[in-house]
Amino acid sequence: MAVELWETLKDSITAYTGLAPTTFFTLVALALAFYYVVSELFGSPDNRHQQRPRDFEEQQPLPPPVQLGEISGEELKQYDGSDSKKPLLMAIKSQIYDVSQSRMFYGPGGPYALFAGKDASRALAKMSFEEKDLTGDISGLGPFELEALQDWEYKFMSKYVKVGTVKQTVPVSDGASNDESVESTNPETKPAEAVASESAKPSEDGPSGSVVAETVDKSDGDVDKKD
């Protein structure tokens, strides 16, 4: 019975497809394998619709940005993304922005991760990834680099929330300190008022010459009167 069914099936395959039974079953096996591979790679539309709500449930909403005010560069390094509980921050021209929504770019493992937790103005202007350029010092940049930095700043202002500023330290110039030291150590640079007051003071050694002369004249006059 089974043999008769097999013979009938082979005759039907040959009659309807014009292929030998071996060739027919080979093509069917290849088609099934191809369908399996494609379905595993891309998935069916139904499966994608079923997995999408699950992905949304796993994503946690970002907390609202917290205003930090003015902080130092060392404090800014704490927000480089290494602590997932803290926001991801980055500064441009001393203005700090919350870039937590772009953690895939600025977070650990991202293409711009080395900019996080720093004022990377110089590196952005030069499009540099060198450690020496990870600073907010933009002195000596050319007009094209400054224009590129301006574009970055406009992008951050329109996309991210500003949460603070980087505290600036103003160094004391050497010229001012040298002038102060010379003034304090040079006795010849005393103010005119001090010199005048010192000249007006009586000498500690005794009365001045004019006072002595006046006293001698008075004593001579008294002697003449007595005579």
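Every residue, even glycine, has its Cβ placed from backbone N, Cα and C.
The transmembrane segment annotation in TrEMBL covers 13-38.
The domain 'Cytochrome b5 heme-binding' feature in TrEMBL is assigned to 71-167. The average pLDDT the prediction assigns to the domain 'Cytochrome b5 heme-binding' (71-167) is 93.
Annotated compositional bias 'Polar residues' per TrEMBL: 170-188, in sequence order.
Under the heading region 'Disordered', TrEMBL lists 170-227.
Feature annotation from TrEMBL assigns compositional bias 'Basic and acidic residues' to 215-227.
Helix, strand and coil content of the domain 'Cytochrome b5 heme-binding' (71-167), in residues and according to DSSP, is 43 helix, 16 strand, 38 coil.
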